[in-house]
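All remarks here apply to the structure that follows.
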Amino acid sequence: MTWRATALTLFPEMFPGTLGHSLAGRALREGRWSLDALQIRDFATDRHRTVDDTPCGGGAGLVMRPDVVDAACAAALAGEPEGEAPRPLVYLTPRGRLLDQALARELASGPGVVLVCGRYEGLDQRVIEARAMREVSVGDFVLSGGEPAALLLLDACVRLLPGVMGGADSAEEESFSDPRGALLEYPHYTRPAVWQGRAVPDVLLSGHHAAVAKWRREQAEAATRERRPDLWARHAARQHETQD
Ligand code: ADE
């Protein structure tokens, strides 16, 4: 069964966007996943095709109407292939749980996703609750809409689908994938051996596999300790657990 993605958006032309030029784009053309973008405005019922309204209680901006968004959700979920589990509705919002590799893996292992992209101040809370949407953020910053966040989530999921990654185990070895504890990756080098007076570390040219592995492990640990004390603390706690 192909992994199916549907984006609900006011800007369907933003899909597949930059994804079309990457590994995910090739996988899309190869039929390893599918992508539809539905125009939310098509589900408005008044003659002005209104999708938003002023916030109750006052304040700046506009809120997307629950009835219009609900109708778009219903359309996306109608006609799911026979016998297939319903896809989760994922609403991209800075109020959501942070996207991480575990969530990408979870979503990639399911039937697909319906991605709800908000504009303006976002969705009316009632449709988020009524549709049991999973709220997901891609970072502690505010984008002008959910679309770039949705593309990012798709990229993270699609590269995990069977047959998408080029190298056999490259998806496994990378940062955050190591089930023993997420560390940042070690630095990479290629030829020439000396470039602008900078030499490739000797150990990488030594041919000693064990020494290379040890050096990479140390580099990964040092980078994580220095750059991401939050990840380092989690890693250290997990190491401690497994020793008990
Ligand atoms: N929409 C606006 N900002 C966002 C963010 N940081 N993550 C997900 N969706 C968003």
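Positions of Cβ are set from backbone N, Cα and C atoms, glycine also.
Among the candidates GLY118, GLY163, the residue that TrEMBL names alongside VAL138, GLY139, ASP140, PHE141, VAL142, LEU143 for the S-adenosyl-L-methionine site is GLY118. A simple way to gauge crowding: the CB of VAL142 (S-adenosyl-L-methionine binding site) has 8 other CB atoms within 10 angstroms, across all the protein chains here.
A simple Cβ count within 10 Å picks out one of the binding-site residues VAL138, LEU143 as the most packed, and that one is VAL138.
Spread of the S-adenosyl-L-methionine binding residues is 17 Å (greatest Cα-Cα distance among GLY118, VAL138, GLY139, ASP140, PHE141, VAL142, LEU143).
Listed in sequence order, the binding-site residues among VAL138, GLY139, ASP140, VAL142, LEU143 whose CB lies under 6 angstroms from an atom of ligand 1 come out as VAL138, GLY139, VAL142, LEU143. When Cβ neighbours within 10 Å are tallied across all protein chains shown, the highest count among the binding-site residues GLY118, GLY139 belongs to GLY118.
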